[in-house]
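Residues annotated as ATP binding site in Swiss-Prot, with sequence analysis given as evidence: G153, G154, A155, G156, V157, G158, K159, T160.
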Amino acid sequence: MTKNIGKITQIISAVVDVKFTNNGELPEILNALECYNDKQRIVLEVAQHIGDDTVRCIAMDSTEGLVRGVEVMDTGSPICIPVGTETLGRIMNVVGEPIDGKGDIKSSNISAIYKSAPDFTNQSTERNILVTGIKVVDLLAPYIKGGKIGLFGGAGVGKTVLIMELINNVAKAHGGYTVFAGVGERTREGNDLYHEMIDSGVIDLEKPENSKVALVYGQMNAPPGARARVALSGLTIAESFRDMNGGQDVLFFVDNIFRFTQAGSEVSALLGRIPSAVGYQPTLATDMGELQERITSTKHGSITSVQAIYVPADDLTDPAPATSFAHLDATTVLSRQIAEFGIYPAVDPLDSNSQVLDPMIVGEEHYSVARQVQQVLQTYKSLQDIIAILGMDELSEEDKLTVSRARKIQRFLSQPFHVAEVFTGSEGKFVNLADTIAGFKGLVEGKYDDLPEAAFYMVGTIDEAIEKAKILK
């Protein structure tokens, strides 16, 4: 078979035009092309056909130093990456090249990053709770095993810390495999996560086959093409783990889905497409749907996905986060107002929700306590204007009691994290679901009305709050 060779005719940032004149055959849309820039392999992905002999491509690596006239070869298939157990304990980039300095990834299994979602008949509809050990999440917006979970928040409210704590609490206790896709986030955070996983034993450097996690990075400094595709590369590895050996349960962490959308917007502008609302690509809903529909559970294995989603200017109606909402089973909304009070995790207990907060799934007691907690907090929120204008003295005795309980609940929703121990100096806490329900049930029923507010701040179980109250007295 003769190789289909073309030549670069134009380079504009991450967009490269390639002319094929040999036999008139143009590479298919989404095919991967290869060229070399100073002995470094660069992968280009076909995005458009221009005329009879030219294709417009998106570069997956920096185009600095690339010149017109360089030969480009059509690989005949989309971007393919190594999958399977050989990827465990390794860090790779969007095209499957190792970036951890540990040599090539010797995998006999290679898979294209574009696939169809499993058939409807093969998808699972089971709903089981995934206990995270984080009180506010487990009580008010519980996660689903095999579901899609979104962590929404503006800049600096704690999305990455929360995702790291979830990796710590869920991935370490989880028997199966974990895949982490770093999409357009800080290289330092990726490095911290890698070394933390080595320290905790999730990655075994001496025997990589004993590792439990594979990492795929396309960080902030990567070209838009890489950032737009790295989530698909990570998902391809997660799918391979899900389908191997008759089915596995896989955890798939993505930080950050907004950067995936942002990169798609950059690529779209470079390709000359007319932007839609707020400058996003006209294909925003399609791009999001193609990624999210593949993150699903089958009758044999599951993918539980936790996705951090940056909210520009704290506006949840922005098209990027708004497009994500429809695909998610549970949403955890992080609030700047709550972070300003020093309550961490800064999860908004009234904005966050979950499809499984249903008495048929979580049980009558859990559902009842969660709704009572939200009712107390909602009443307190509606009284805040009166308190601000007239003060606490003008409230009825019943309202004063509600405010007192709400403030205790707010503080009891805080929790010291394992991954933040070095910053807070407090030992991290994992709280079992039964302890969480029992603690909040006592609070809404008034069992702890005599304890000071400060006793409930940054503790795990209600017993710890009682002990703290004794010390404070």
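Including glycine, each Cβ sits where the backbone N, Cα and C put it.
Within 8 Å of the Cβ centroid of the ATP site, not counting the listed residues G153, G154, A155, G156, V157, G158, K159, T160, the chain contributes Y310, L334, A339, A346.
Each of the binding-site residues A155, V157, G158, K159 was scored by other CB atoms within 10 A of its CB, and the lowest score goes to A155.
Under the three-state DSSP scheme, V157 (ATP binding site) falls in the coil class. Taking the binding-site residues G153, G154, G156 in turn, the residue surrounded by the fewest other Cβ atoms inside 10 Å of its Cβ turns out to be G156.
Spatially close to T160 (ATP binding site) yet at least six residues away along the chain are E185, E189, D255, A308, judged by Cβ distances under 8 angstroms.
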